[in-house]
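Participant: Below, the features straight out of Swiss-Prot:
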- D7, H9, D40, H196: Mn(2+) 1 binding site (BINDING)
- D40, N78, H113, H194: Mn(2+) 2 binding site (BINDING)
- N78, R79, D121, S159, T163, K166, H194: substrate binding site (BINDING)
Amino acid sequence: MILLISDLHLQEERPDITRAFLDLLDGRARHAKALYILGDFFEAWIGDDAMTPFQRSICQALRQLSDSGTTIYLMHGNRDFLIGQAFCQAAGCTLLDDPSVIELGGEAVLLMHGDTLCTRDVGYMKLRRYLRNPLSLWILRHLPLSTRQKLARKLRSESKSQTRMKNTEIVDVTPDEVPKVMAAHGVRTLVHGHTHRPAIHKLVIDGQPARRIVLGDWDRRGWALQVDEQGFQLAPFEFS
């Protein structure tokens, strides 16, 4: 069994989500061959050198799962792209490139966080290119801690206000971008998060059936994609 999740946005202000995640680690994830976390694992991450006690506790929980035999893969999201190798080594997980193609359920599957599919959100795409530039990343990681904290708060506030103002179609994936990206990687299944719109979309690419599986965000309930001998099963679960 393989589990895929995304968009937990873990933060101290949401202990219910944290508890649900820890329950997953102690339950289904213990029986999984691998756990894939496809971005926005944390609500914010300003650097491996600035881990809070809360974030350290999550790191320790991941390490316990890794030590139990479950392989953990972590992909950057738009809110936690400063997660680095120091955190991954401590947590016992492997940092996964976005995008990545893996073998899953007997087929090649494309994994993405999903933000790069939202090409109609021109403002965000421009900001993303700037922030992910190697020079920008180096500067961000070397800013004083207080400056990084202020910048993170500012970016989060602006992101929330702009998302509320934007047309819902703009912040969703661009329909034409999906088949183009899937064809470029030679896959018939795409799994991503980011949009907070969980669903399994049936597609046709080059005359062949295909599908786009969108993982859900953890807010009022959790979401996980389970891949086993029964196939691909996307389902929510209630917080206990």
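First residue shown is number 1, and so on along the chain.
Here the Cβ of each residue, glycine as well, is placed from N, Cα and C on the backbone.
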Participant: Which binding-site residues (D40, D121, H196) fall within 10 Å of N78 (Mn(2+) 2 binding site) by Cα distance?
Facilitator: D40
Participant: Check each residue in the chain of H196 (Mn(2+) 1 binding site) that is at least six apart in sequence and keep those whose C-beta is under 8 Å from its C-beta; list them in sequence order.
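Facilitator: Spatial neighbours, sequence-distant, of H196 (Mn(2+) 1 binding site): D7, G216, D217, D219.
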Participant: If you measure H113 (Mn(2+) 2 binding site) to S159 (substrate binding site) at Cα, how many Å is it?
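Facilitator: Rounded to a whole number, the Cα-Cα distance is 17 Å.
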Participant: Would you pick out, from the binding-site residues N78, S159, the residue whose Cβ has the largest number of other Cβ atoms within 10 Å?
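Facilitator: Compared across N78, S159, the most Cβ atoms within 10 Å surround N78.
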Participant: Sort the binding-site residues R79, D121, S159, H194 by C-alpha distance from D40 (Mn(2+) 1 binding site) and give me just the closest.
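Facilitator: For D40 (Mn(2+) 1 binding site), the spatially nearest of the binding-site residues is R79.
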Participant: Identify which of the binding-site residues H9, R79 has its Cβ surrounded by the largest number of other Cβ atoms within 10 Å, counting every protein chain shown.
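Facilitator: Compared across H9, R79, the most Cβ atoms within 10 Å surround R79.
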Participant: I'd like the Cβ neighbour count for H194 (Mn(2+) 2 binding site), meaning other Cβ atoms within 10 Å of its Cβ, all protein chains included.
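Facilitator: H194 (Mn(2+) 2 binding site): 26 neighbouring Cβ atoms within 10 Å.
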Participant: Around D40 (Mn(2+) 1 binding site), how many other C-beta atoms are within 10 angstroms of its C-beta?
Facilitator: 28
Participant: Among the binding-site residues D7, D121, point out the residue whose Cβ has the most other Cβ atoms within 10 Å, with all shown protein chains included in the count.
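Facilitator: Ranked by Cβ atoms within 10 Å, first place goes to D7.
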Participant: Given the recorded Mn(2+) 1 site (D7, H9, D40, H196), which additional residues of the same chain have their Cβ within 8 Å of the Cβ centre, ordered by sequence?
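Facilitator: Apart from D7, H9, D40, H196, the close residues are S6, L8, G39, G77, R79, G193, H194, D217, W218.
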Participant: For Mn(2+) 2, what surrounds D40, N78, H113, H194 with a Cβ no more than 8 Å from their Cβ centroid?
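Facilitator: Apart from D40, N78, H113, H194, the close residues are S6, D7, L38, G39, H76, G77, R79, G114, D115, G193.
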